[in-house]
């Protein structure tokens, strides 16, 4: 190790007893008043995207305009809107309307609500979102999982068939609560809460929910009247197969035929994305064909259930229907909060992924406010929970939508339907709605993503599968709680058991890297270089102390077995330690004592600004000695080697002067 | 920036279109079978201290001996025990017995249990711990906070004065549950759960509990019969001051005199640690003096309550008293679990801090097993919850104890007391017990620690104060839940909002460091170097994407305002990224897209083993191009500069050849 002579030592006497005069010292960050540092922390925590950036250095009047544009993005893009864009939006708007109408009716059934609510919910909320939302591709309306969740959660307090009016009112109330909660999360900049739903959780949960939703449709397919309220696979299967004598083959045949047709259409569109309109038009085509079929064969008299009469006219007000009776309030609040989180997770994830493709930015907190206002307005106009739906947004995107005008077109189409076309749905068989739901759900079950998770990260896969199994075999809520619990446990485990590495020298360089990763890296005789790959907190400081002591034991064993020089220095590379708390500092003090007791010397490398500040305030810098803190591992090793060999030299006074080359 | 010519480029043509031929490449870790990596992860998670280390390469017979020694450390140190050690242990044992007897009686009163239980609990558990524990300094017995907690928690289901027998049996059951839970935590290696109680939490919680315990003693001091069951300061003060007419001055005077004496003794011992025996003997002296005083003045007839008759004889069996009636089981389990966590947190923290001073090792999981067996044995022999008590352990340590024999001596002294001396306590006034508790509790309230927290880490201080206020103004459980919640929230916030830094070049070096920390570090023209100081997970990937995009915006603004070269390269230093999950990889893909869209180039530096593995499996390495991944920031900057200037050169064909020096 004769590489101590790289010139950094020429001034080592200047520091008296200091072992090293490395050319660069680790700096303490410039002092910052408490208020400033608190403000910075709060800003990073709550305003990481700096939403006020564009207001900087603007005249007051311009600020008002910018503020309005911030709240209502339509004011920003509206004036620049062109006829070309309108042509694209018109086509995509009509396309998603043709999907929204049958899906709206189907999802309302899923929530045990009157079918007309699905149409209402595809009218007002898209208009509100078009004013306030920042996505250009989201197709707003009711969503399958949210609908099912609302159905099962409200179903536990009120039976929808026994007291449909109360049930309806509670649905409005839950939607109102969901909207309020969404808006509050956005206003208080707490959007990061939904970041704790990891991608793996969402994949598992959505796939599970899609499975459950599809299973529920067996009721419609085989034409059963009585069906379990539970959503788990065991109850559903039991319910289906204990009633085989009540199966209606007419219904079953119709369902399977349309399901086959829909799946075929989906398959075609998937193969050739240009044929997206086939799968987009298929549901409405199915509805029209099935309705005509029933109308002429009078199948409704032979066991094929039909929708029946739909009230004509646009959304009536439902402000007076909001029910804040304390008896049901808890259930409404619980339902509202759970469905809100699910709706947000789906809506924002979908919005973000399409924004990514077109390279524009979605502000999560602002989106939440838009979703919140949309649901509050919805709950007052006979709509239930709405969000950005995945399948319809994909169709919207593929159909070439340019702006939110496609949603306005869709809303107008729905309005037209509500005003004039509702009688046409009288003979629409429910079984075709079930087929439409199943075919939409099959698109949500994402095995490819699960396989990808398995390949890349086994724990993520475990989280995903847990969420799936929880939803399918227990209930939607249990699946969600399991998946979130596991995700949080994972974060805590990550924090509690951080990586520590032994570094070695990469040949022909002054670079030190993980010995396990770089097979050619070599140990430095007499020096153990450890790297801690995480902030040091109360949650991991005990572990880190034990782990470090084990590294030292291991290294001493290794050196003994090789008969090499004994260990002299422990170099702690702190580069990756982003922060430290008081428990962490106590731990370092203990490690220092332990290292001293073993007759070794603790050396520290490159602590960051925050860590230096706290080490200084807690006087640890004095304990370890500022001269034992180096900017790079290379400099620390050079200094240790210098000390090591000049000591050896002094002890073995007959030794060569080989190392004492300063 | 003419420093591109450091020779690493001599072979750049070898790589065809690759921009850089850095001398060292970032290595992929050697592949590892899934089972091996799972085993390693489980080992790191559950056996970080490698308890099986000493069994390695030993003959089977030796393994049995080592195993027994592992379970019963007394087998290890027992044979080496010397007379010298015994002399020290005898003195310290008698000293802590003199403290344990009055404190035992006092703490039992705190738990609303018969005073004799305090003596029982200082006999059996210390003997069990002496066999199984690995601490040499812990003084085992009942603890104030655990006693109070048990009293208030069981008090909510059974009134101790109305049904003392049931209450007693539930206390045994809760102790049994606590022991079972402690042992289970240790056996399943889940000891790290108590690591989530941060030092700040413990300081705040213990100080709060000590305050509450002292406040409770006002009942004894002013001699009240009826007293609130709540522990919060408001209820206690109301209870004390609404009954001023019932205050007994005799009791008050006695209490204040002894309190003054005890505090004086504590103060003396604190000033001169050699006089530790003054404060250690003070409680027993007070008890003796007060008892004699009452005996001769017959103060018990003038409003001074006395202990009364204590049953003579050692611990009766209480196996049959364990009550698993489903009616009370929930309360017993809840009390057991909460008190167990508090007892463990205190016992293990105390054990560890003294082990640190004498430089031996405490194995948390093994300690939990010892505590568990001790409490299970205790619950079957008429003892209630025991742990390692802070104040008595400090006295034990100061008295010069060498091994657990001091606990055996203490247990024998308590046994002697139980067999022969109990009648002497008949006239001991309860008020003197209150004084003893208050004086012990004053030592636990640790303002110095709180002030230290304020100086070093404001958030830790907040956690500490929250726990304190929660305990004092609401209840012990609420304080604990608040503090743990805040601690966990802090961990999650740390994870959700990691540090990102802009790096600059330290003058006259190839080292790149945080620009905020190193005032002399300078930006590299055209290159933005970012460092991420945390693993990248689902919980922070959205934040990191937004933050990176903001750094780029800021840098472009800065360059524009300075009129400098526009930004060309984003160098991402991944050294501190210990791990990444699938959400993190998606985020990197998005950042890559965003950077590409802005016409910039993404360069990566030094990803660790785990990160490289996952980037490879998810094909991100192919997306970014392996040639754009460098071992050090220095190499990356050299390569970028080379590209930057050779491009500039090509564009300005009339430019000088200054930069094109390869």
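The first residue you see is number 1, and the count goes up from there.
Positions of Cβ are set from backbone N, Cα and C atoms, glycine also.
Annotation source TrEMBL lists transmembrane segment at A:138-160, A:166-188, A:247-268, A:275-296, A:328-349, A:369-391, A:403-421, A:426-445, A:465-489. Look at TrEMBL and you will find A:517-640 tagged as domain 'STAS'.
Between the transmembrane segment (A:247-268) and the stretches A:138-160, A:328-349, A:369-391, A:403-421, A:426-445, the greatest number of Cβ pairs separated by less than 8 Å involves A:426-445.
In the predicted structure, the domain 'STAS' (A:517-640) carries a mean pLDDT of 90. Recorded stretches compared: A:166-188, A:328-349, A:403-421, A:426-445, A:465-489; the one with the most Cβ pairs under 8 Å to the transmembrane segment (A:369-391) is A:166-188.
Taking residue pairs at least 6 apart in sequence, the transmembrane segment (A:426-445) and the transmembrane segment (A:328-349) share fewer than three C-beta contacts under 8 angstroms.
Count of Cβ pairs under 8 Å against the transmembrane segment (A:426-445): among A:138-160, A:166-188, A:465-489, the largest is for A:138-160. Residue counts for the domain 'STAS' (A:517-640) under DSSP, split into helix (H, G, I), strand (E, B) and coil, are 66 helix, 22 strand, 36 coil.
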